[in-house]
């Protein structure tokens, strides 16, 4: 899938309206984690170096289509100014004369950030009037917000109906790596899935089963599969209404010759909190009532490492346990290290967004994978083989 990028257009003196993903945690008016802001810097800097006038659009949180002070982007403008080393002008409005005036006064090489796009009810409804207003401010639309690519909103899809839309560098990288692992992975291809819910991963399992050689399953979702196989899972989290589906997926994998690898042991405790009594049990011995599995055990870590050892392509989506608590983080950490080691051997390794990306950051391993996706829901939908509206709306490269 070849999309036009910011490098394919002349930006000198042009007004560029850029959809970025600045949906970052803010507390007491201070940005707590600026990973997403940093991720957008290469595209913003490139546009400025080319002599563009840059207008930035982003959402933050889930305001109900009206202004709400705790979701203001003002703290983001401040942090972006520090990271860019230059003033970022900020307009506390999304539409209207104040916005028009600020854009008219913008000079080449200057940046303007508008207020949270979701302060307007038309954003999430992809309202053509709102999109038309934003498009009227600029000559070119740059879409660098992969995190919202699975949503058809006014700021990413709507504007593209009125002015040409091209991909920013971050979007380009997401498309490149996710396309590779979804459509033409080098084999052996191993998929590692975790997280709480089987229901979130059904589409991914079904789609990647067509290409994968092995699928390793950890995280709380493993207990739904283990229960489907008749194992005793104690008080572990199980999606009772998905047990039959888990059986079907295991059958389907067998038919397709895909090896599904489930944990052989687990770290259990009676409560999900730090410092509680914990022990390791083998899955075949069963988990006692009142205890729940909160991480994969050491034998499973070794098994997973062995199943990963020859992989040329790895996709990892979802943690192996409750990694936020150190007592239950070891499984996730060891799997992350094993996948990182494969990157050094030349394998393509892609970490899906959301919790897996948070885990990788927690262990300081973010630079040791081919690609760590910035989009949770968007990366899942891409891996499911769906067409994402926020990518479809970007102009295709001319053949």
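Using the three backbone atoms N, Cα and C, a Cβ is placed for every residue, glycine included.
Sequence annotations record features per position, and here Swiss-Prot assigns substrate binding site to 21, 22, 23, 36, 59, 60, 61, 62, 118, 151. Under the heading ATP binding site, Swiss-Prot lists 201, 293, 324, 353, 354, 355, 356.
Shown on the structure are the features that Swiss-Prot records.
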residue: 21; record: substrate binding site; Cβ contacts under 8 Å, 6 or more apart: 36, 39, 40, 58, 144, 145, 146, 147, 148, 374, 375
residue: 23; record: substrate binding site; Cβ contacts under 8 Å, 6 or more apart: 36, 58, 59, 60, 61, 147
residue: 118; record: substrate binding site; Cβ contacts under 8 Å, 6 or more apart: 59, 60, 61, 62, 63, 65, 71, 124
residue: 201; record: ATP binding site; Cβ contacts under 8 Å, 6 or more apart: 193, 195, 221, 317, 318, 380
residue: 293; record: ATP binding site; Cβ contacts under 8 Å, 6 or more apart: 220, 222, 223, 233, 234, 236, 266, 267, 268, 287
residue: 324; record: ATP binding site; Cβ contacts under 8 Å, 6 or more apart: 362
residue: 354; record: ATP binding site; Cβ contacts under 8 Å, 6 or more apart: 195, 317, 318, 376, 377, 379
residue: 355; record: ATP binding site; Cβ contacts under 8 Å, 6 or more apart: 195, 318, 319, 323, 376
Near residue 356 (ATP binding site), which residues of its chain come within a Cβ-Cβ distance under 8 Å, counting only those 6 or more away in sequence?
194, 195, 316, 317, 318, 319
Which residue, of the binding-site residues 59, 61, has its CB surrounded by the fewest other CB atoms within 10 A?
61
In which DSSP state, out of helix, strand and coil, do we find residue 118 (substrate binding site)?
helix
When you look at 21, 22, 23, 36, 59, 60, 61, 62, 118, 151, which the record names as binding substrate, what is the longest CA to CA distance in angstrom?
18
Around the recorded substrate site (21, 22, 23, 36, 59, 60, 61, 62, 118, 151), other residues with Cβ within 8 Å of the Cβ centre, ordered by sequence, are 58, 116, 117, 147, 148
